[in-house]
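Taking it in order: structure first as C-alpha cells, then the write-up.
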Amino acid sequence: MSTGTVTIDRLGAQGDGVARTEAGPVFAPFTLPGETVSLAVNKANGTLISLKEASPERVEPPCRHFGPDGVNGTCGGCTLQHASDALYHAFKRNLVIDALRSKGLTPEVGALIIARPGDRRRAAFTARRTEKELLLGYNQMQSHHIVSIGECPITSPGIVSRLATIRKIAAAMASSAEPFRITVLETDTGLDLAFEGLKLSDPQRRSAVDAVLGERGIARVSLNGEIVVEPLKPAIDFDGVTVSPPPGAFTQATRPAEDAMAKLVLAHVGKAKRVADLFAGIGTFALRIARTARVHAVEGDDRAVKALDFAARNTQGLKPVTAEKRDLFRRPMMAQELKAFDAVVFDPPRAGAETQCHELARSGVKKIAAVSCNPVTLARDLSILTAAGYRITGVTPIDQFLWSAHVETVATLEK
C-alpha cells in the first residue's frame with residue numbers, strides 16, 4: 001500500500017477514474033477525468049483520500065448513501081452520481097461505441113435515451129437480521145457489508161415509500177443472521193417481493209402471511225420461487241396485454257426503457273408477417289409484436305413461457321402466438337428453422353447469443369433486432385452477423401440503470 005497524488009485521465013468501463021502511473025493504470029472510484037486527487041494505492045486499486053482539484057463536471061450527489069462518506073457506508077448501488085449529466089451521458093454512449101470499435105464495427109450510434117430518478121420499478125436488495133434491527137439495502141462497494149438505506153433516488157416512489165413495510169415482512173421471515181436477497185418489483189397491482197436464501201418454518205410462514213395481510217400495497221410474497229402469500233395477482237401491462245409474471249421473473253428494470261426498446265424493435269420489424277422472438281422472457285416484445293404479426297416466442301424458463309402463453313391466449317386482438325420452452329444456449333434455433341420467419345428479435349442475458357447468432361448468420365432472415373445489456377457481447381454477436389452480410393441500420397444506447405456503468409442497446413440489422 002502506498003499513497004500519492006495523481007491526475008485522473010479518463011473513466012474506465014466500470015465508471016472508475018483511471019490514472020496513468022509508472023507502475024501502470026490505477027482505478028479510483030468516485031473520481032473524474034481532469035481531477036487531481038490523493039490516493040491510497042494497492043496494486044491497481046486506488047482509494048480516494050482527498051480531492052486536490054475538482055473537475056468542473058463534478059456535481060453534488062443526490063443521495064446521502066453515495067460515495068466514500070455515505071451514511072451507513074458506501075452504497076454499491078451507484079457509481080456515478082458525482083458526474084454531470086453531460087459527462088455521464090457521454091460515458092454511457094461511449095461504452096457502446098468503444099465495444100463496437102473493438103470488433104471493427106463503426107456504425108452511427110444514436111444519442112443515449114436517458115434514465116431519470118425514480119424510474120426503477122425493480123430493485124434487488126440484500127437484507128440481514130441483527131439483534132437491533134433488520135438491515136435492508138445494497139452491499140457496500142467491493143464488500144458484503146450491507147448499507148442499510150433510508151432513501152434511493154433511482155428507485156420508484158412506490159418502492160421507496162414502502163421500505164418500512166418491506167423491512168417488516170423481511171423481519172417476520174428472517175430466522176438467522178445470514179444475509180438474504182429480496183427482489184422487489186412494482187407491478188400494476190402492488191409490490192411483488194421475491195425472497196431468496198431463506199428457510200421458512202411454519203410459524204414464520206404464518207407470521208409472514210399476517211405481516212403481508214396487515215399491509216396495503218403488497219401483491220405477492222414468494223420464497224425461492226414458491227408463493228408464500230398472494231393477496232393480488234401481480235400484473236404488468238405490455239401496451240394493452242396484461243401479463244402476470246411468475247415469482248422472481250426477469251423484467252426490464254424501468255418502464256420508460258422498456259417502452260423505448262419496444263418502440264425501436266416494433267419499428268424495425270415493421271410489416272413482417274412472421275416473427276421469432278428469442279430469449280423472449282414473459283413476452284416483453286412478443287406480445288407487442290403480436291398485434292400485427294404471428295409470433296413464435298422461445299424462452300428457456302418454463303414459468304416465463306407459461307405466463308407468456310397464458311397472456312397471449314387470454315388477450316383479444318392478437319395474431320397467433322406460439323410459445324416454446326427451449327434452452328437456446330444448448331439448442332439454438334437452427335438456420336433451417338429460422339428461414340420460416342421474416343424477422344427475428346433476440347434479447348439474451350449478459351453472455352449474449354454467440355451460438356444462436358451463428359445460426360442466424362446462415363439463415364438469411366431479412367431483418368434482425370438485437371437487444372442487449374452488455375455492449376461487449378453485443379459487439380461480438382453483431383460481428384458474426386455482419387461477417388455474413390448483414391448491415392447494421394441502427395444502434396441506440398438506452399440508460400436503464402441510472403448512475404451505473406450498465407447500458408442497454410438496441411441494434412437493428414438487414415440483409
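One-based numbering along the chain as shown.
The backbone N, Cα and C atoms fix where each Cβ goes, glycine too.
Sequence annotations record features per position, and here Swiss-Prot assigns domain 'TRAM' to 1-55. Taken from Swiss-Prot, the feature [4Fe-4S] cluster binding site applies to C63, C75, C78, C152. Taken from Swiss-Prot, the feature S-adenosyl-L-methionine binding site applies to Q252, F279, E299, D347, supported by sequence analysis. Per Swiss-Prot, active site, nucleophile is recorded for C373, and the stated evidence type is sequence analysis.
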Cα distance (Å, whole number) from C75 ([4Fe-4S] cluster binding site) to F279 (S-adenosyl-L-methionine binding site): 32
Residue distribution over DSSP helix, strand and coil in the domain 'TRAM' (1-55): 0 helix, 36 strand, 19 coil
Inter-residue Cα distance where the pair is C373 (active site, nucleophile) and C78 ([4Fe-4S] cluster binding site), in Å: 17
Least Cβ-crowded entry, counting other Cβ within 10 Å, from the binding-site residues listed as E299, D347: D347
Remaining residues near the recorded [4Fe-4S] cluster site, that is with C-beta within 8 Å of the centroid of the site residues C63, C75, C78, C152: H65, F66, G70, G77, Q81, Y138, I149, E151, P153, I154, W403
Inter-residue Cα distance where the pair is C152 ([4Fe-4S] cluster binding site) and C373 (active site, nucleophile), in Å: 22
Number of other Cβ atoms within 10 Å of the Cβ of F279 (S-adenosyl-L-methionine binding site) across all protein chains: 21
C-alpha spacing of Q252 (S-adenosyl-L-methionine binding site) relative to C75 ([4Fe-4S] cluster binding site), in angstrom: 22
Cβ-Cβ neighbours of C152 ([4Fe-4S] cluster binding site) (radius 10 Å): 22
Site of maximum Cβ density within 10 Å, from recorded positions C63, C75, C373: C75
For Q252 (S-adenosyl-L-methionine binding site): intrachain residues, at least 6 apart, with Cβ closer than 8 Å: R122, E258, M261, T284, Q400
Distance in Å spanning the most remote Cα pair of Q252, F279, E299, D347, given for S-adenosyl-L-methionine: 16
Stretch-averaged pLDDT - the domain 'TRAM' (1-55): 95
C152 ([4Fe-4S] cluster binding site) and E299 (S-adenosyl-L-methionine binding site), distance between Cα atoms, whole Å: 33
